[in-house]
Amino acid sequence: MKISVVGTGYVGLVTGVSLAEMGQNVTCIDIDTAKINKLKQGISPIYEPQIEEMMHKNLAAQRLTFSLDQDVNYNDFDLIYLAVGTPENPDGSADLTYINTTVNRITQDLQHATIVVTKSTVPVGTNAKIKALLNQNGAYTVEVVSNPEFLREGSAVHDVFHADRLILGSDSQAAMAVVEAVNAPYKTTVIKTTFASAELIKYASNAFLATKISFVNEIANICEATGANIQAVSQGMGLDTRIGNKFLKAGIGYGGSCFPKDTAALLQIAQQNRIDFPILEATIKTNQQQQLHLVERLMQYYPDLTGKKIAILGAAFKPGTDDIREAPALRIIQTLLEKGARVAVYDPIALDNVREIFGEAIEYCLKIETALEACEAALIATEWSSIQKLNAVTIKNKMRRPLILDGRAALLSLAELNDIEYAVVGQKG
Ligand code: UDX
């Protein structure tokens, strides 16, 4: 099959490369010339384990090519995947500009029937609209299949090959059968449903996981107040198979490109349909508060932070990625600066992205030791393995005051915790 994937962001690139890996003939398309030029050379614009090796292999085998949108004819493909971004509008709804321009662009070329597969996360009702747009001239039928993506950054390639389920939504059984056949090597449970249900499965899944995190973070706050221990509590809860042990790790809240955006978009969908969604509102509010939880605890030690050097260990929204979108570390740094503190941030791969936001206002450290040097406290915002390897000797030698506030339970297994001042989310300090 000849397949095109429009959009070479996280979802598009990983989808395209994985389909090529499965033996399909894939063209990944974008409007960004610099990005396409890099991709042609085998350089990935995203940091993602395995992706470049897989790109090199499939480029060499000529199963994978990269093209500028203006250089392709969409007539040439049996399947066209839409994987363009749907960023957040100021009111929280999803911005469908890229979806609309791509669909218009495809209709300009198309002269025969084909199948368009939507990977982008789009509000309920969008795939039906996409289908109507694609079939405006009525000379042939373009089928549309909603195929939401559930991959996680940092383990995206692994997730594609080990997906829990394949969700297909369409009003055409034949089109869903084609997409199912393309994905057959993935071997997973296939759910075939309508456009609307497939669209909602994606939002409901992300919102549910975000709610699980906010719930456990509220329980963590109760633990801090009552002397209970969140590690014990979430372990005890997670052993109940009805609850499950995943996404029960308390900390300083979720970030990233999906949970904040998708929870806001689902809330918008509810509001547009005049449906109250208080649980989701609380999930979002709790997460915003939780991102600043460490700052509140820090201020119990230092009511006045003016001139104090504070180290931030980890900036990425989670380990294994250089993505800092909606990362708790950003709000922590911003708040500390507003309170007059001096900030030194350590991250193994995300520093360039942080520099774009804070410029000369803070210090950037490629070594943890440099960030810790003569600081009054260190706040752990990401559980990078390099941070988990910290030891009490380094902490005591480098820091002016060996005070660690751990937002990701990264140092819990450190043997010499009694030698330092240590407080972790979900336990009394
Ligand atoms: C998420 C979904 O998992 C994925 O299915 C969807 O396609 C995109 O959104 P991702 O954003 O890559 O993936 O990250 P994920 O690993 O899910 O973590 C999201 C955030 O939640 C991170 O900031 C992480 O630190 C936080 N988190 C996760 C917790 O605070 N506690 C947990 O128990 C799990």
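Each Cβ is built from the backbone N, Cα and C atoms, and glycine gets one as well.
Please treat TrEMBL annotations as automatic predictions, because they have not gone through curation.
Within the same chain, residues at least 6 positions away in sequence whose Cβ sits under 8 Å from that of Cys258 (active site, nucleophile) are Thr121, Asn206. Annotation source TrEMBL lists active site, nucleophile at Cys258.
Contacts of Glu153 (NAD(+) binding site) defined by a Cβ separation under 8 A and a same-chain sequence distance of 6+ are given as Tyr10, Ile46, Glu48, Gly256, Ser257, Lys318, Gly320, Thr321, Asp323, in order along the sequence. As annotated by TrEMBL, NAD(+) binding site applies to Asp30, Lys35, Thr86, Thr121, Glu153, Lys261, Arg325.
The feature substrate binding site is assigned by TrEMBL to Phe150, Leu151, Arg152, Glu153, Lys202, Phe247, Leu248, Lys249, Ala250, Gly251, Gly255, Lys318.
The domain 'UDP-glucose/GDP-mannose dehydrogenase C-terminal' annotation in TrEMBL covers 311-413.
Close to ligand 1, meaning a Cβ under 6 Å from one of its atoms, are these of the recorded positions Asp30, Lys35, Thr86, Lys202, Cys258, Lys261: Cys258. The binding-site residues recorded for this entry are Asp30, Lys35, Thr86, Lys261, Arg325, and the Cα of Arg325 lies nearest to that of Gly255 (substrate binding site).
Counting Cβ atoms from all protein chains shown, Ala250 (substrate binding site) has 28 others lying within 10 Å of its own Cβ. Maximum C-alpha to C-alpha distance over the listed NAD(+)-binding residues Asp30, Lys35, Thr86, Thr121, Glu153, Lys261, Arg325 is 24 Å. The DSSP secondary structure for Lys35 (NAD(+) binding site) is helix. Residues in the domain 'UDP-glucose/GDP-mannose dehydrogenase C-terminal' (311-413) partition by DSSP class (helix H, G, I; strand E, B; coil) as 38 helix, 19 strand, 46 coil. Farthest C-alpha pair in the substrate-binding residues Phe150, Leu151, Arg152, Glu153, Lys202, Phe247, Leu248, Lys249, Ala250, Gly251, Gly255, Lys318: 24 Å apart.
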